[in-house]
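Novice: Heads up, here are the entries from TrEMBL:
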BINDING   Asn7, Glu379  Mg(2+) binding site
BINDING   Arg85  substrate binding site
ACT_SITE  Asp142  active site, proton donor/acceptor
SITE      His174  site 'Transition state stabilizer'
SITE      Arg235  site 'Transition state stabilizer'
Amino acid sequence: MWTLVLNCGSSSVKFALLNLDDDRVGLTGLAERLGSAGASARLDMEGERRTADLRGGSYAEAFAVLAGALDELGVRTQVGAVGHRVVHGGERFHAPVRLTDEVLGEIRACVPLAPLHNPANIAGIEAAQAAFPDAAHVAVFDTAFHQTMPEVAYRYPVPGDWYRQHGVRRYGFHGTSHAYVAARAAQDLGRPLAELNLVTAHLGNGCSVCAVQGGRSVDTSMGLTPLEGLVMGTRSGDVDPGLHDYIARQAGLSLSEVTSALNKESGLLGLSGLSNDMRELEEAAGRGHAGARLALDVFVYRLAKQMAGMAVALGRVDALVFTGGIGENSAAVRGAVLARLGVLGAAVDDEANRAAVRGQAGRISAPGALAALVVNTDEERMIAEQTRALLAGVSA
Ligand code: AMP
């Protein structure tokens with residue numbers, strides 16, 4: 001059976017077609033700039049890249065192009081399942097779930113918690129249900145993995161009614177990636193996941209760390225929204241909650257303008273005044289750009305502090321795990337973080353660290369030190385595996 005994995009954002013859809021029975025990838029692709037005149041799709045299949053203009057720029061049009069490609073591959077009728085990435089499942093969803101009208105209604109009820117993401121996920125699901133009516137559609141939530149966090153980790157010290165009436169608590173995100181890399185790390189370490197205490201760091205454009213105990217999330221750095229925690233490409237991560245009122249008054253900004261600046265103009269971009277892209281910043285820092293150097297230093301310092309904090313949630317740490325575009329490629333960031341985590345017994349093996357780039361995963365810790373691993377994340381595969389497991393009646 002083929003499983004189609006869809007990740008619908010507000011202006012893009014990422015897709016992947018996977019066959020888990022014989023480990024084949026049928027196609028991968030991306031439709032971009034949806035909703036605008038320049039919308040287009042690219043598909044990588046059978047070793048070739050195809051592109052198509054999407055004049056109307058709608059999800060329906062993107063899925064029509066995708067359906068045409070499935071016809072060409074001769075697999076459209078064999079697509080038994082569609083796994084959808086859904087960002088926010090609130091407290092309602094602890095695991096993947098088959099999409100029914102009732103479930104869609106509950107995802108809609110989570111829109112106030114994720115006003116940028118859930119509406120796009122819902123629109124994508126509805127268009128995909130129309131385009132692939134014979135397949136079973138399954139929602140896989142970014143938040144679900146973190147529903148095992150204990151109350152001490154998920155409650156904010158704010159008025160209790162904010163939690164009870166408005167759902168103000170920590171939810172966490174990137175759950176699919178943290179769950180996947182934790183399981184892969186256990187395989188790489190040759191030990192059962194159930195016995196391991198891991199600190200996983202997903203470092204991409206968005207960044208979060210997670211404390212994974214026996215395969216279950218017990219704490220994570222993102223909270224009510226994906227803005228909490230680490231320094232990210234354009235997101236600030238943790239700031240003083242008093243900042244909003246102060247800067248709103250000083251700079252004459254509205255609350256939503258402050259929130260937008262914390263999401264889109266902060267993080268690596270805000271600190272460096274140059275870029276949100278780690279590659280560019282590493283190059284610029286190498287040339288002596290002071291802002292780029294500062295951005296890297298703050299990124300690493302705060303990341304190390306958060307990873308060390310996860311040791312409190314775990315009690316004992318068996319391994320540190322790096323993933324995401326930065327985690328899988330930046331030997332400089334990993335080396336600097338491990339140097340700061342000597343307090344946990346971490347130490348880097350420079351040669352192994354330099355070698356673990358561009359898809360080369362592996363152990364990067366010095367002999368005898370706390371284990372540190374690079375693991376390539378694969379959220380599409382994890383969504384496909386969870387979708388298949390749900391439909392087969394077992395938990396992944
Ligand atoms: P992702 O969101 O997982 O695609 O990750 C995007 C981030 O990974 C961006 O900050 C990229 O600059 C960073 N990245 C990708 N490749 C490299 C590399 N070779 N060295 C450093 N950072 C990289």
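Any Cβ shown, glycine's included, is placed from N, Cα and C.
Are these features on the surface or tucked inside, and what touches them?
Specialist: According to DSSP, Glu379 (Mg(2+) binding site) is assigned to a helical segment.
In the structure as shown, the Cβ atom of Arg85 (substrate binding site) sits within 10 Å of 22 other Cβ atoms. In the three-state DSSP reading, Arg85 (substrate binding site) counts as strand.
For Asp142 (active site, proton donor/acceptor), the number of other Cβ atoms no farther than 10 Å from its own Cβ, over all displayed protein chains, is 25. In the three-state DSSP scheme, Asp142 (active site, proton donor/acceptor) falls into the coil class.
Using a 10 Å radius centred on the Cβ of His174 (site 'Transition state stabilizer') and all shown protein chains, the other Cβ atoms total 28.
Counting Cβ atoms from all protein chains shown, Arg235 (site 'Transition state stabilizer') has 26 others lying within 10 Å of its own Cβ.
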Novice: Could you state the CA-to-CA distance between Asp142 (active site, proton donor/acceptor) and His174 (site 'Transition state stabilizer') to the nearest Å?
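Specialist: The separation of the Cα atoms works out to 5 Å.
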Novice: Taking the Cα atoms as reference points, how far is Asn7 (Mg(2+) binding site) from His174 (site 'Transition state stabilizer') in Å?
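Specialist: Taking the Cα atoms only, Asn7 (Mg(2+) binding site) lies 13 Å from His174 (site 'Transition state stabilizer').
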Novice: What is the separation, in Å, between the Cα atoms of Arg235 (site 'Transition state stabilizer') and Glu379 (Mg(2+) binding site)?
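Specialist: Cα-Cα, rounded: 22 Å.
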Novice: Would you mind checking how many other C-beta atoms are within 10 angstroms of the C-beta on Asn7 (Mg(2+) binding site)?
Specialist: 23
